[in-house]
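Taken from Swiss-Prot, the feature [4Fe-4S] cluster binding site applies to Cys122, Cys125, Cys213, supported by sequence analysis. Among the features that Swiss-Prot reports, motif 'PP-loop motif' is placed at 47-52.
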Amino acid sequence: MQENQQITKKEQYNLNKLQKRLRRNVGEAIADFNMIEEGDRIMVCLSGGKDSYTMLEILRNLQQSAPINFSLVAVNLDQKQPGFPEHVLPEYLETLGVEYKIVEENTYGIVKEKIPEGKTTCSLCSRLRRGILYRTATELGATKIALGHHRDDILQTLFLNMFYGGKMKGMPPKLMSDDGKHIVIRPLAYCREKDIQRFADAKAFPIIPCNLCGSQPNLQRQVIADMLRDWDKRYPGRIETMFSAMQNVVPSHLCDTNLFDFKGITHGSEVVNGGDLAFDREEIPLQPAGWQPEEDENQLDELRLNVVEVK
């Protein structure tokens, strides 16, 4: 019995460290991009997946000690997909005492009616879902819409656009919505997916499957995700370095004439960003930028679904 108690204490200690890391990552992202301000009413989009559960949990945690006052309202869109467990989210949110709204819209039926059998439904479904969430944000008086995309999602989007779209475009931590009426934020922008997965496992969130509509995962995105996971295993620090690169863009050393006035360079122009090194090679640090050793990776791997008692 004593040994079991010691194991539980160790698991709880490791979970606390993991939660502190996620809390620090979210706090830094909020500060860097001014995501949340005094008096904000944040609409937290809750899908029932590990990412949105984690986002809600960390935001609730930060809310208790933040130097500013802000409120949260969780919103789930019930799209009437077959097999969707309607009771799961209301029961979970009522247990937490979190304000919430379940929006019921049969977008599944609309998509099935409009899209021929065998064709991808994701594009239309996404547009319908986005419009409903924007409308709901207005109805609730929300000042910000929080989405659960994390660092890996942002990098995947960058490489998708580079490999298939021919542009360097990622997923913004904060930006105006496409209808120009709402501010969309991604508080998990600095969080690693593997940390979120461990946290979700340890907290035993009631996960709802994401493919109830029967759609297939985006093959191109899956290829990119597999590539990044392989790099993360084989080249420690590469993922951190790539994300750091997204925060240190040097337009003068790229080729976009909209971002830098190359035509305006004449004799007598100032040296910009170190100038052109011509035949000299740029010095590259031995340790990848932004990378820190995983000091407690083995300990964190011990977190499993059986740590239900940790709150």
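Glycine residues also receive a Cβ, built from the backbone N, Cα and C atoms like all the rest.
Using a Cβ-Cβ cut-off under 8 Å and counting only residues 6 or more beyond its ends in the same chain, the motif 'PP-loop motif' (47-52) has close neighbours at 76, 88-89, 148-150, 188, 193, 196-197, 199-200, 205-208, 210. In the motif 'PP-loop motif' (47-52), helix, strand and coil residues by DSSP number 3 helix, 0 strand, 3 coil. Taking the motif 'PP-loop motif' (47-52) as a whole, pLDDT averages 96 in the prediction.
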